[in-house]
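**Student:** Got a structure for you, questions after.
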Amino acid sequence: MIISLTGTPGTGKTTVCGLIQSQYSEQYHVIDLNKLIIGEKLYTGKDEMRDCYTADLEKLEERVKQIIDKTPEGKDILMEGHLSHLLPADAIIVLRASPATLRERLIKKGYSSEKVKENVNAEALDVILVESVQKSSSVYEINTTDMIPRAIVEAIIFIIESLRDRKIPAGFLPGEINWIDQVEL
């Protein structure tokens, strides 16, 4: 099964994928899309104002397919990154965090005030969730605001195992999280 693990920067994707990689490497193969994009120069340029690379999605998708083809049978694939929902996947899991929590996390990571505001508003407006729902009928969301990384990993595994058993993972359906009252003008 190919799972997209996406979300606004600062929601916990990299942290939980690190745990999954170290504790569940027999079951899951994690593809860190940000490392792949930068490491293999799968971008079209750098946006200096936003201090980020512009990914070449066509080349990225091609490279991810090559990695998936080489992954041992029986392992699930976790594509990790805030662009992963734009690539083909069997299901999309969107990590969410309250805008206030996200602000704290991004400031702690050293993001510029402009980038913090952009990402906090993207989260408040459900940008990645909306894109995910437009792309797939198998979308789930996890509110990571008050969760420790281990609990987030358990929720991700619960969703994947539920899907494998052809069950709908209750409590994680899209649309239950609403931050609209926290948009910054």
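The backbone N, Cα and C atoms fix where each Cβ goes, and this holds for glycine too.
As annotated by TrEMBL, ATP binding site applies to G10, G12, K13, T14, T15. As annotated by TrEMBL, region 'LID' applies to 108-118.
I'm curious about the neighbourhood of these features; can you describe it?
**Tutor:** T14 (ATP binding site) is surrounded by 16 other CB atoms, counting those within 10 A of its CB over all protein chains shown.
As a summary of secondary structure, the region 'LID' (108-118) carries 7 helix, 0 strand, 4 coil according to DSSP.
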**Student:** What other residues of this chain sit with their CB within 8 A of the center of the CB atoms of G10, G12, K13, T14, T15, the recorded ATP site?
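**Tutor:** What remains near the Cβ centre is G7, P9, T11, V16, C17, L95, T144.
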**Student:** Measure from the Cβ of T15 (ATP binding site) and count the other Cβ atoms within 10 Å, all protein chains considered.
**Tutor:** 15
